[in-house]
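Per TrEMBL, the feature active site maps to LYS11, ASP136. Feature annotation from TrEMBL assigns ATP binding site to PRO94, LEU95, GLY96, GLY97, GLY98, LEU99, GLY100, GLY101, GLY102, SER103, SER104. Sequence annotations record features per position, and here TrEMBL assigns domain 'GHMP kinase N-terminal' to 67-144. Annotated domain 'GHMP kinase C-terminal' per TrEMBL: 204-256, in sequence order.
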Amino acid sequence: MDFQDFFAPAKINLFLHVTGRRADGYHLLQTAFRLLDYGDTVSIAVTDDGEISLETPLPGVPAEQDLTVRAARLLQHHSHSQQGCRLRLTKRLPLGGGLGGGSSDAATVLMALNHLWRLGLSRVQLQQLGLQLGADVPFFIFGRDAFAEGIGEQLQALTLAPKWYVVLIPPVNVPTIEIFRDERLTRDSVPIIMAAFPTATKRNDLQAVACRKYPIIAEYLDWLNQYGKAMMTGSGACVFAAFDTQAEAERVISELPPDWRGFSAPSLMQHRLSNLFD
Ligand SMILES: C[C@@](CO)(OP(=O)(O)O)[C@H](O)COP(=O)(O)OP(=O)(O)OC[C@H]1O[C@@H](n2ccc(N)nc2=O)[C@H](O)[C@@H]1O
Ligand SMILES: Nc1ncnc2c1ncn2[C@@H]1O[C@H](COP(=O)(O)OP(=O)(O)O)[C@@H](O)[C@H]1O
């Protein structure tokens, strides 16, 4: 059985404003997504028996609920394909970290199987399908830094200078839904236009609620603020800061207190699976 490896990068949100709420309860956002050259690896072997299985289930996540399996099943159902696959996942991104790990794994499975099963769906078709799995999935299929609106599915390409990021991983798993449900969340940020993004003050509207619920996040922000401008990504718990050079980022990592976890990684200009659509 031949397994092929496919990369599933992390994302960070360079700012995140909650501008309203849809009738179905989902929140309207404005955000800037940035890809990082750090992530999970999904290994896939195609089978002809129609079965879909995950050989490396994550602790606490039944295989059938794993976003890789759900993505494969969704694509199989949508395309009426008779083919199947065996999946293996090498997880580096923390669960519930705001780095979009599960969504990125799902996007990678959709793009890889579209290629391996020779389905010929376009990037836009896969983005629409991916939205059924999570609000961040279309961005990973879009495959480059983006200004996003709606619930994150309306995407415009952003060109940003390359940077190095320090990402710290507080020892808490923050369920996205818990932050969006909180009555203290402010939901009335005034919408900005994309052209205003580079000069606007960067803020994450989910950060105050997450820090109140999990004070350890504030502790990690305070520590990182000594070195650069620290912010939380997505609904947390991870926090990040940007640096111009690898050396600066690695110096910060080398000074982490004992038992604190984090990594440094450069920005990623294009998703490695983007070439599958050329
Ligand atoms: C906040 C963001 C920012 O990039 O990222 P994460 O921190 O999760 O990575 C995303 O909008 C998260 O996207 P994603 O993680 O895919 O969320 P989903 O699984 O679609 O949603 C989980 C739950 O959060 C709530 N939710 C999610 C997105 C949104 N715009 N409004 C919401 O109210 C809904 O109750 C939903 O049932
Ligand atoms: N392949 C997967 N990787 C990570 N989480 C997954 C996966 N499949 C299902 N999940 C579930 O989705 C939840 C949120 O995942 P994740 O996308 O990593 O969060 P976030 O977007 O906040 O970083 C996890 O807590 C887990 O229960």
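Even glycines carry a Cβ here, placed using N, Cα and C.
Cα-Cα distance from PRO94 (ATP binding site) to LYS11 (active site): 12 Å (rounded to the nearest whole number). Among the recorded positions listed (LYS11, GLY98, GLY100, ASP136), GLY98, GLY100, ASP136 have a CB atom closer than 6 Å to some atom of ligand 1, in sequence order. Same-chain residues at least 6 positions away in sequence with a Cβ under 8 Å from that of GLY96 (ATP binding site) are, in sequence order, ASN173, VAL174, PRO175, THR176, ALA237.
For GLY100 (ATP binding site), the count of additional Cβ atoms within 10 Å of its Cβ stands at 30 [all protein chains shown].
Figure note: comparing Cβ neighbours within 10 Å for the binding-site residues PRO94, GLY102, the maximum is reached by GLY102.
LYS11 (active site) falls within a strand segment according to DSSP.
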